[in-house]
Structures are given as C-alpha cells and as structure tokens.
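S.K.: Pasting in a structure now, in structure tokens, and then I'll have a few things to ask.
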Amino acid sequence: MVDLESEVPPLPPRYRFRDLLLGDQGWQNDDRVQIEFYMNENTFKERLKLFFIKNQRSSLRIRLFNFSLKLLSCLLYIIRVLLDDPTQGYAWSPIIWVNRSLPLWGLQVMYNLNILFFLSKGNIWEQILRIPFLLEIINAVPFIITIFWPALRNLFIPVFLNCWLAKHALENMINDLHRAIQRTQSAMFNQVLILISTLLCLIFTCICGIQHLERAGNKLTLFDSLYFCIVTFSTVGFGDVTPKIWPSKLLVVIMICVALVVLPIQFEQLAYLWMERQKSGGNYSRHRAQTEKHVVLCVSSLKIDLLMDFLNEFYAHPRLQDYYVVILCPTEMDAQVRRVLQIPMWSQRVIYLQGSALKDQDLLRAKMDDAEACFILSSRCEVDRTAADHQTILRAWAVKDFAPNCPLYVQILKPENKFHIKFADHVVCEEEFKYAMLALNCICPATSTLITLLVHTSRGQEGQQSPEQWQKMYGRCSGNEVYHINLEESTFFAEYEGKSFTYASFHAHKKFGVCLIGVRREDNKNILLNPGPRYTMSSTDICFYINITKEENSAFKKQEENRKNNESKACYHGPSRLPVHSIIASMGTVAIDLQDTGCRSSSGPTLALPSEGSKGGRRPSIAPVLEVADSSSLQTCDLLSDQSEDEITPSDDETSAGSEYAKGYPPYSPYIGSSPTFCHLLHEKVPFCCLRLDKGCQHNYYEDAKAYGFKNKLIIVAAETAGNGLYNFIVPLRAYYRPKKELNPIVLLLDNPPDMHFLDAICWFPMVYYMVGSIDNLDDLLRCGVTFAANMVVVDKESTMSAEEDYMADAKTIVNVQTLFRLFSSLSIITELTHPANMRFMQFRAKDCYSLALSKLEKKEREKGSNLAFMFRLPFAAGRVFSISMLDTLLYQSFVKDYMISITRLLLGLDTTPGSGFLCSMKITEDDLWIRTYARLYQKLCSSSGDIPIGIYRTESQKLTTSESQISISVEEWEDTKDTKEQINYRSNHRNSTSSDQSDHPLLRRKSMQWARRLSRKVPKHSGKTAEKISQQRMNLYRRSERQELAELVKNRMKHLGLSTAGYDEMNDHQNTLSYILINPSPDTRLELNDVVYLIRPDPLAYVPNTAPSRKNSFCNTVGQDTREETQL
C-alpha cells in the first residue's frame, strides 16, 4: 500500500490553519493591490459637470436660476426702453447708441456674467458651434468690454435675444424636473410648451427689434410695436402702423420667413403627437383616480360586440353610473370602437389606453393601483386558445404584482390553465361552463337559456308591446334576476325566522311572488341552494332569491295587498274547500290527515295522484308546508328514494345492469382544479379498445350504435377535439342523483382521436363511447346512432372560431346543423355558436312569415336599447342554440353580485357543496293537471319532496287554419291579422290542453303562399273552395316529395352501411312548435300539458346516516389504492 502522506505535498505556510486564523500580514501586503475607482470624477471640471449637469436636483436648481436670470435680463431691457428717450440723436445714431443709467448698467452686467455655466458643459470647442453659446457671447461679451471701456456703456446690446436662451433653459428645466421626481412627462405637454414658447419668442423678438430700429424712423413705442406685430402675424394688415426705414422692413421680412419655417414644423410635430396620443389614449388623471372610481378592462383585442356587452351590463346597475371604465388594450382602436366611444353617453365615462398590462408604465397610466377592479378577458377568437390563456395568465400575474390589492376578475378559456390564477377573486372558465350547460340542456331543456336570462340585467320590458301573449309572458319573466338580502333586514323573509327553508320559500312566493332559492350562514362562505325542509332560517342568514327587482327597490302597499291576500285565501283551493283548511295551510299547522307522504316513483320526478276516495267527495287536496320538517316522512321516503329505489327493488331485466354500477368519486381527473362530484361509476375501468364505438375488439364485436341495443336514447356530442372541458359534459350526466335506468349513453363524435389522459378519465363512467368522425359525413352520423338519438350537441370548433370576416366564423357550423335539421327533423339539436348574432340562421326558413315577424320584433327591441334583443328568436327561446359569449355578463355582474359565479356553478353541477341542492326538471303529465296553478304546484312540491320550483319550460304549437283569405293575403296582411287568431288559439289551448286538431295544416311558408297566389289567379273566383283544395294538395305534395327525397337518401346510406332503417322516421316533424321559458312565473299561472318545471332539489346525501357514505365511498377508496392519478398540466 502506497503511503498517501508521502505523496501529498505539504501546504505552503500561507494556507496553514494557524496562519488562516491569525493571518499573515506580510503575505497580505505583498499580494493585495488597493484600487481607487472613479478617479476621473475628482477633477475640477468633472465636479462642475457633476454638480451642474449629472445631478438632477442640483442641475434643476441651476437651470431654474439661469432661467430666472434670462427673464430678468429681458425685463431690464423693457425697463431700459421705457426710460429711454428716442428723440435724442440724429440719423442712425439712435440705433447704435441708447441712454442707459449707471444702476441699470450694473444690473445688466451682473445678470449677463453667467457664461461660465457653458464652460462646464463639456468640450469648449463643441459649445462654440451651438446657437445658445453664440447668443451668450453676443449678450455677455459686450457688457464685459464695457467694464474696462466705460465709453461704450451706452452702446446698444440686443439683450432681448435672451428670450431664446430662456426658452432653451425652460426646456431643459422641464426635463430635469421630471427626472428629479422620477416621472415621465407627456410628450404632448412638452411639444405644446415648445410651440407656445417659440411663438412668444418670435413675437417678443419682433417687437423689440421693430421698436429699436424705428427709433430712427417713426419713433414707435413698445405698445405700437406689439400692435404692429400682432396685426402682421395674424395676416390682418390694417396698414395704420408701418415701418419706415429699410432695416426695420428687412427685420419684418426676416421674422416672417423664420415664422413660416419654424411654426409649421412645430405644428406638424404637435399634430403627429396628437394623432399618436389619440391612438394610445394618453393617461388617466391621477387626480381623477383619487377622487373618482374607475375599473380597468384588459383585453388582447377589443371588438365592438365585447365592448358593448361590457358597457351595457356594467352600467345597467344604478350605483355604477359614476364609475369610469379605462380600457387597456395593446392594439390600436378600430373605426367601429372609435365611433362608439365618441357617443356622448360613453365619451365621458370610457377612456381608451393603448398599452400592455405587462408594462408597469402602462399600468401606471391606467392608475391600476387606484382601480376598484380589473377585468381580464381572453381572446376567444384566437386559433391557439392555449396561447390566449397563457397571455391572460401573464396579464393576471402582472396586475397582481403591480397592484396586489386590486380585485381581479379573470376569464380563462381552458380548465387546465385555471389553477394558475387561483389567486384571482373571481374566475370564469369558459369550457367548464359551456360543457356543463350543454350537458344539462340534454336532461333539463333550455338550461342554457335559463342561465343566460338569469345573468343578464333586464327590467322585463322586452316584448310588452307585442300582440302575442307568449312574448309578453316570456319577456316579462326574463327580467327576473338573483338578488340577496339579510333575513333580519328583509320584508320578504323576516317573518320566517325559525321556520324551515321550504316553508319560507313557499309562503314568500305566495305572498310576494319572490322565489327563495338559497341561503348562506353568517359564519360560512358556502352558499346552499335549497338546503331542504330540515334547514331552519336564522336572523343572520343571507337569503338569495329570484325576483324582477331587489327588495330595496320595491314598494309595499299593505292595504291593497291584504285585500288581495284575503281574496286568494278564500278561493285558493277551490270553492268546495272549507275556509278552515285554507287557514291551516297558510299557518303551517301540522295536519296529518292532509299530508301526502307518498314516495316519488322510480321513473323520475313526478307528482303523486290524489287518492280514489277523494275524487267522489271533494277536489283533491294538497298538504300544507310544515314550519318544521317531519323527519319520519322526509328522511325515509323523499330524500333517499331516488338513490336507493333502483338498488333495492330492481326489475329482472335491470338486475344485471344495476350490479355493474357503483357510486363514488371519479378516480381520475384530466386537469387540476376540477370539483369532485359523486357519480355513477363502473367497478372496473373499461379497456380503451372498448370505448371505440365503431370498431370491434376482442371484448365485443359491435361496430355501430344500433348493435349495442341501448335501452335509452343516445346523447351525441360532435366536437373537434376531446379537450379537458369535455369531462364536464360527462360528469353532470353521470351524477349520483340521476336514476340509473335513466342514464343516456353518451357518444363523442370527434374529428381527432382523443389522447390517453382523456381516456383515463372517462373509462370509469358507464356507457361513454367515442368515435372518430365528423358531422360533415352522413355515414359517420349514421354509425354513431343519430337516427335514434335524443339529443345532438354540436360544439363550436376551435379551428373555425377565427375568420377574415368576424361573423363568418360560424358559417360551417350553421350549414352543417341546417343539413342535420333537414335530414333528421325529429332530432333535438343543441348548437354552440361563436357570435350570438348568428343564431338567427339556426333552422333557417327563408319564406317563413313567422320568422320574418320575429326578425322585425328583434329590430324593434334593439332600437329600444334592449340587451336581450335576440331572446325572441325561436331557437334561443327553446334552448337549441347557445353562445358562450352570452355568459360574459356573468363575470361583469359578479362585480356587483359577488355570489353569481358560485350560484351558477352550483346550478350547473360544477361545484358540489354538502347540503346544497341541484338543478333538475319534471314534466307535467295528464295525471298532474289537477294541480291547476303554479302556486299549488309550489305547495305540492314543498310539502312532499322539499323541491323548489324556479320556472317553467313551455311548448306550444304554432298552427293556423287554412282559408281562402289566408292563401291570398300578403305577408304584411298576415302580420296584421295574426293577433286575433293567436288570441283565439291561446284561449282554446287553455280550455283544453290535450286537444289537437289533426286537420290543421302547418304554418305556410312565404314561398308556398306566393305559389298559391299565382295558382289562385288562374282559376275563376267563384270556384274558391276547389282552388283552395287543389292548391293545398299541391303544396302538401311539394313538401312531401322533398321529405321523401331526403328520407330516401338517408335510407340508402343506411342500407349501404348494413344498418336497419327501422329507427328512422322521416315523417316525424316538430318544426311547427315554439318553446320558451317562464322564470319565476306568477302564482296564478295555469299549468299546461307537457310543461317542464325546473326544480332545485335538496341534496339527498345531506340527511343520510353516517354509515351510508362509507358504503358508497368504499368503491372510490379501493380504486384509489390500486391506481395512481395522472393529471395533465
């Protein structure tokens, strides 16, 4: 073994431990060299430079002193002129010599001895060639000479030229001022200052020069010279004062030439800066920011639709009328936005600044640190939406870094990017809301329209001038919004302290017409939607209710209201009902003999029929709403029946299917930030090969939807890619409160194959499949089962969201949906568009008179200033079309109502709070018409199941009887006579909701009417009935032949693909109906057949014993032990 100590050389003495501790002074002195920096600044000249120029504060003082000296020298010149006598002397001597007193000469000498200031400004040879230095020489050197040569003390010296030196000192002083206070001055301010000072210097030089030269001529005074210069420069030229001698005339010519050269240059620079300032927007005043309130809107590109939506929604609230809106946008303002912002209504309140939110300088211009809020919106028209989200994230970070206390309202596009902005006060993720809303549209019709109307600010005045009753009701109910109030301060709810929630909700609706939907405890931030009959109202609770306006804006007429209440109590349950029962029901006393304790059936939410014995004696009764919930009936029957009924007593054919499902939380989430939802899940995840609908594998051999033999109709989603937001479409449709036998199979029709992360997330859900195809291809549609689908959801494609012409971004989607509409008329199609204005093209019928009438109504409402002019379009009213931009108002409204985003997420099922209810629906059947009115339905639901109804989705037929006059009338005449016919049909529909005249013909198209008029001209008028019959047969033949041609096309393709044509019904046409929503209708609204009632149902798990959740969560626990969650970032 080698001796290591002999190989390692010893350390030198300087590195020994003792020397390191004690130090070696000799070694330090030998190796270290002392260096002195900035030696060049120790010279006298550099010190002068440092004091006079480099140091901002000392330089500012010196320049201010110099500026004052120049102004004083000009003032002394004026004093000398006023004290001088121009009559002395002869010939040219008054021009060369002046009378200057000794004290005045001493002051002028003293004020002009500052030439040393220029000697400290660098190289002396560089200063000689500069005009300010030459002017200093002209003014200072003669005075220095007069000190040594007294005979020259009365020599004329052009001291008035110091005004140009004063102008130069002023410009430098302004620059030093802003450098000293660390602020960036406005270029416009500097340019205006230069222009004004240049003009003043020109006029002052001309005045003093003309006055001095005319000492040998007209002997003009300073005032006469001023008068002459103003008249001359203004091009008026009266001619009463003119120069006499040639030097003064020459000076005038020179000054005019100088003015013609200098002033246009200054004006050009000023005009350029003004145009640039108009583009960039200038600054928001610091004084205004501290005295007035303002919000900042940060966008990538400002479109006119986005701007008007924001302004209309923001200023719809009375308390925001005094706010200013500062728009911070990196792009130049386009012509449309500029034209709108010049309107007086907006020009005084909206300020446009061109700049970036990533620059502190631009944020300072917008006074972000003083803003009440900052709205950061994403550009949804970008081709790369992920890149748009990245820009939004950086803007949010920049604003949070610059102004930490400014509330942030952020709009994000993709859910996987949401966790980057968790610090924001309010966040709206577009794809989360979009897919959840489209999913609920499939099980609760027109949920998108319901949410859109709730988050828009309206007074309910739309459609009130329309002759049609449905438009009046629909427009009036659209004014309902969500408001909040403290219970102890409320007139609506104060009397229900200590009562159950359902009792308070029912009686508040019965008495005031308001719909109580949720509460929030004082010590809890979570909002509970319909916490159920077991919840007891407290005085400190915050109540959330739906009404036309908030309680603070309501007036209560007690006498008139009491009279109306007494009348309603006397006839509320019908004339055969005894008054004592009305008293019992209104007081909420426990009446066991009247209470309906029947459970809901397993087929879905329905109402229990009255007993057979009650039909013979009296009209069916409804149990009163109890002040305190009866635990024995509600817990065992109503709250657990929906969840346990399909597990306890399944039918024989459902036993195998029910055993395959379990309830738990999905083990995989495709992105961070998704709210966990209790769902129906499979015991084992499905292999990825089995998720492919159109291709068989080793586990099954099915290649089309028909082969699977689904018991329920399909829900097809046509999308471009399987984004992470699509996960929020599946979760609401597989939520635990949906009965198992009502689960619809979900088929994802994707243009591009999904990635593995998405398949990992959906493989645990039952009956979820995907297929690679497009809605452009009829074969793909037939393979995925479009012929027996309940709903077809067409999602707007990201690749088509941007177009050269903005509104053309929806062209491909609209045409594809129109093709589906023509081929499969019975299919319920739900479409998402980029621009709400394009919804008028959905299910387009060019010759439809009724559509033309609705178009005119929309134009009238828009002229009246309505924010919801498109609401009367039939596809939107029926919930068949939706645009995510209509939800932008949700973010704007959260500035005033900070709870709106939370309530909307609870309604859509994006968030699940323990104890909070969920949105569902029920359909009014013939067995339920005995309830008659919405108020009785409200009482029935509150007393039996604890559900809270919030609105009605109503469908009416649009059918007009055909007559000779109807065929021959024009479009305008049809619109004039439509009112009376609609009223007759409306009354007949109310008398018998189930009646339907099979002989009625559908609404005639305009083209068909014109064809019929041409036919009617060819036959004699005395044969009117024969002509009518023949023309009607020909029109029916025309329509039938077109349908048969389309049906033949579909059937041939189905036969070619080997599919059965049994499920295709080409003659089923639902085009002649209209549907609309009534949000919180009045209590006396009569129920009609096939009405769909929106309900907020209590959380069934809120009252489940502690052992129940452990049984249902056991599946989720076992899955979590065996698998590892993968999340895509």
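Placement of Cβ uses the backbone N, Cα and C atoms for every residue, glycine included.
Whatever TrEMBL says is automated annotation, not expert-curated.
TrEMBL lists 985-997 with the feature compositional bias 'Polar residues'. According to TrEMBL, the domain 'RCK N-terminal' annotation covers 292-428, 712-852. Annotated region 'Disordered' per TrEMBL: 599-620, 980-1003, in sequence order. Marked as transmembrane segment by TrEMBL: 64-82, 192-213, 225-243, 250-275.
Thinking about packing and proximity, how do these listed features fit into the structure?
M.R.: On the 0 to 100 pLDDT scale, the domain 'RCK N-terminal' (712-852) averages 86 in the predicted structure.
Residues 74, 77, 81, 95, 156, 158, 160-161, 163-164, 167, 170-171, 174, 220-222, 224-226, 228-230, 233, 243, 245, 247-248, 251-252, 255, 258-259, 262-263, 266-267, 270 of the same chain, all 6+ positions outside the transmembrane segment (192-213), place their C-beta atoms under 8 angstroms from a C-beta of that stretch.
Long-range contacts of the transmembrane segment (225-243) within the same chain: residues 202-203, 206-208, 210-211, 213-214, 217-218, 249, 251-252, 256, 259, each at least 6 residues beyond the stretch ends and with a Cβ under 8 Å from a Cβ of the stretch.
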S.K.: Where else in the chain does the transmembrane segment (64-82) make close Cβ contacts, counting only residues six or more beyond its ends and a cut-off under 8 Å?
M.R.: 98, 100, 104, 107-108, 111-112, 114, 117, 139, 159-160, 162-163, 165-166, 169-170, 173, 204, 208, 211-212, 222
